[in-house]
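Noted in TrEMBL for the protein shown:
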type	residues	note
DOMAIN	146-308	domain 'Peptidase M50'
TRANSMEM	204-226	transmembrane segment
TRANSMEM	232-255	transmembrane segment
TRANSMEM	267-289	transmembrane segment
TRANSMEM	309-336	transmembrane segment
TRANSMEM	356-378	transmembrane segment
Amino acid sequence: MKQQLEEAVSIPKATVDILKDQVFSFDTFFVTSHEPYEGGILFKGNLRGVPAKSFEKITTRLENKFGDEFKVFLLINPEDEKPVAVVVPKQTVEPATGSVPEWAAAGAFGVVTIFTLLLRNVPVLQDNLLSTFDNLELLKDGLPGALVTGLIVGVHEIGHILAARDAGVKLSVPYFVPSWQIGSFGGITRIVNIVRNRGDLLKVAAAGPVAGFSLGFGLLLLGFTLPPSDGLGIIVDPAIFHQSFLLGGLAKLILGDVLKEGTQLSINPLVLWAWAGLLINAINSIPAGELDGGRIALAMWGRKVSSRLGSVTIALLGLSSLFSDVAFYWAVLIFFLQRGPIAPLSEEITEPENSYIGLGVAILFLGLLVCLPYPFLFDPSQVTDFDF
């Protein structure tokens with residue numbers, strides 16, 4: 001077995017000696033042993049100094065000796081929780097890919113998502129999906145709602161793009177996922193190059209939810225405070241506000257005594273449009289797989305903790321799917337498309353700045369408030385006494 005592993009290694013012994021003696025050193029990473037790993041070499045040893053600075057020195061020495069022939073990673077060994085260094089040929093981690101099929105597939109997903117966003121805002125068609133293609137002219141009635149929800153989703157993706165550009169991270173074209181229930185489940189965006197560290201990953205992953213939550217929350221408040229433009233709005237049952245702790249809390253705070261169980265009321269449709277956008281952001285903030293929430297969790301707490309959190313989250317989603325078709329749809333999507341694992345970062349030891357960790361925690365907490373139901377009665381006076 002040992003001989004087979006050595007024959008699989010694509011890095012010559014002379015190169016390994018240079019890596020061990022001249023690239024790694026007593027002032028950065030003192031090598032005690034090495035072994036074949038995924039077409040490269042895994043070095044075990046003792047990390048010296050500040051991880052980020054030591055990694056920078058190692059990277060500089062590697063480039064001076066070999067140019068861009070190799071990539072180095074400074075990771076945590078899951079077996080003993082100690083730092084290890086991995087050196088692999090560049091072509092094994094950055095394969096060339098074509099972009100034309102990806103754009104074509106993303107465009108097809110986008111067209112279907114536009115359709116479901118329109119359909120979601122036309123209740124008449126939702127009640128009879130088979131009649132949709134015979135009444136396509138009715139889809140125009142769903143245009144305002146589709147534009148608002150689509151704007152929130154679009155701003156979410158723009159947040160990722162801007163943060164990625166600043167951090168030197170390359171993203172694939174987003175695949176917008178259609179949904180019959182809420183119009184869309186947002187976009188799936190792959191990271192196509194190697195992210196430098198956990199701080200950069202956190203900035204890119206958090207930027208989308210920050211942008212989407214900010215716009216969605218602002219539009220939700222606006223919808224609650226503005227009267228409907230037609231004076232009628234949409235007639236809803238207050239039970240709809242029990243679907244979310246955040247939505248129910250805001251409704252009770254702003255609408256006050258108008259909100260009573262079993263008594264229908266008129267609201268500005270902007271409330272429902274913005275709410276759909278917030279829900280899409282919350283779903284993408286679930287701490288599992290390669291969702292924004294999964295990437296945020298890895299960046300803040302490392303692979304071991306984020307992996308366990310992701311497993312618990314998927315299990316809870318599985319249980320929730322027994323009662324919610326949205327949860328079932330998303331659990332299946334994560335399992336088949338987004339379950340990870342997230343590709344290794346160049347340097348995974350240095351933790352992000354505390355301010356960014358606080359931002360990440362706030363995103364996960366806000367997503368939880370959006371997804372959890374509001375358990376309290378809107379009018380406590382409606383509670384009846386029972387005789388025993």
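Every residue gets a Cβ built from N, Cα and C, even glycine.
TrEMBL does not curate its annotations; it predicts them automatically.
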Within the predicted model, mean pLDDT of the domain 'Peptidase M50' (146-308): 92
The transmembrane segment (356-378) versus listed stretches 204-226, 232-255, 267-289: most Cβ pairs under 8 Å: 232-255
Residue numbers, six or more beyond the limits of the transmembrane segment (204-226), whose CB comes under 8 Å of its CB atoms: 148, 151-153, 155-160, 162-164, 167, 169, 171, 191, 195, 247, 250-251, 254-255, 267-275, 277-278, 280-281, 284-285, 292, 295-296, 299, 356, 359-360, 363, 366-367
